[in-house]
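A.B. asks: Quick one: the structure is below, questions incoming.
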Amino acid sequence: MQIRQSPSPLVNVTAAITAGGQSRRFGSDKAAARWRGRSLLEHVAAALEECPVRLLVAPPGKYALPGWLAVPDVRPGEGPLAGLEAALQAAAQAGGSWVAFTGVDLPALTPAFWSALALARKPDALSVQAVDATGRAQPLGALYRTALLPRVTGLLDSGERRLRLAAPQERTVRVSDLSPTLLRNVNTPDDLLALDE
Ligand SMILES: Nc1nc2c(ncn2[C@@H]2O[C@H](COP(=O)(O)OP(=O)(O)OP(=O)(O)O)[C@@H](O)[C@H]2O)c(=O)[nH]1
Ligand SMILES: [Mg+2]
């Protein structure tokens, strides 16, 4: 008897890690920081391996991540919203319509987390975001439609840098039944220690 597995909900999602930050609060490159035997960058990448196209938005040559395509920042040093712009642009060029967008500092994300976001997509949605412990939708570790590219470019051109404005609220699906521990974020060395608490 042949057992047919249903395809992953991530088959039509392009993965993108934005890794162009300076880790000022961490004090050294947090992408390379180790947790449970792997770097934080390797953890976030492992959760997205089911995505057929995978993009790493980072300074050229800074990281080696097998199977991930290097994408340079369009506006280096301008923050994660600029990283999203580069990711949406590269994903659209590759024919993708949805991007799973994350930083290097969300090492507790899992394939199941991303699948849950992908399954929550609605036809008119432009973003899907998990709700954290404080009830806020999280714009990093979220799905974005490539159709947002002109909006994101317009925001950046007007001087805006807040990632949470990338998608209009009324077209953002909020997913509230995921464990908030999945969204644990590493900004400081103490945050890294707290992952094991
Ligand atoms: N591509 C790109 N990614 C960025 C940029 N700035 C920050 N990021 C990434 O965005 C994610 C979240 O940003 P932060 O937590 O502020 O990281 P950071 O800027 O390195 O750290 P701080 O210097 O402490 O703010 C991380 O994965 C960063 O690498 C940038 O200018 N370009
Ligand atoms: Mg920063």
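Please read every residue number as a count from 1 along the shown chain.
Backbone N, Cα and C define each Cβ position, glycine as well.
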A.B. asks: Can you find which of Asp73, Asp157, Asp177 TrEMBL lists as binding GTP at the same site as Thr18, Ala19, Gly20, Lys30, Asp105?
C.D. replies: Asp73
A.B. asks: With H, G and I counted as helix, E and B as strand and the rest as coil, say where DSSP puts Ala19 (GTP binding site).
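C.D. replies: In three-state terms, Ala19 (GTP binding site) counts as coil.
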A.B. asks: Report the same-chain neighbours of Thr18 (GTP binding site): residues 6+ apart in sequence with Cβ closer than 8 Å to its Cβ, ordered by sequence.
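C.D. replies: The list for Thr18 (GTP binding site) reads Val57, Ala58, Pro80, Gly83, Leu84, Ala86, Ala87, Phe101, Thr102, Gly103, Val104, given in order along the sequence.
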A.B. asks: Tell me the Cβ neighbour count for Asp73 (GTP binding site), meaning other Cβ atoms within 10 Å of its Cβ, over all protein chains shown.
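C.D. replies: Result for Asp73 (GTP binding site): 20 other Cβ atoms within 10 Å.
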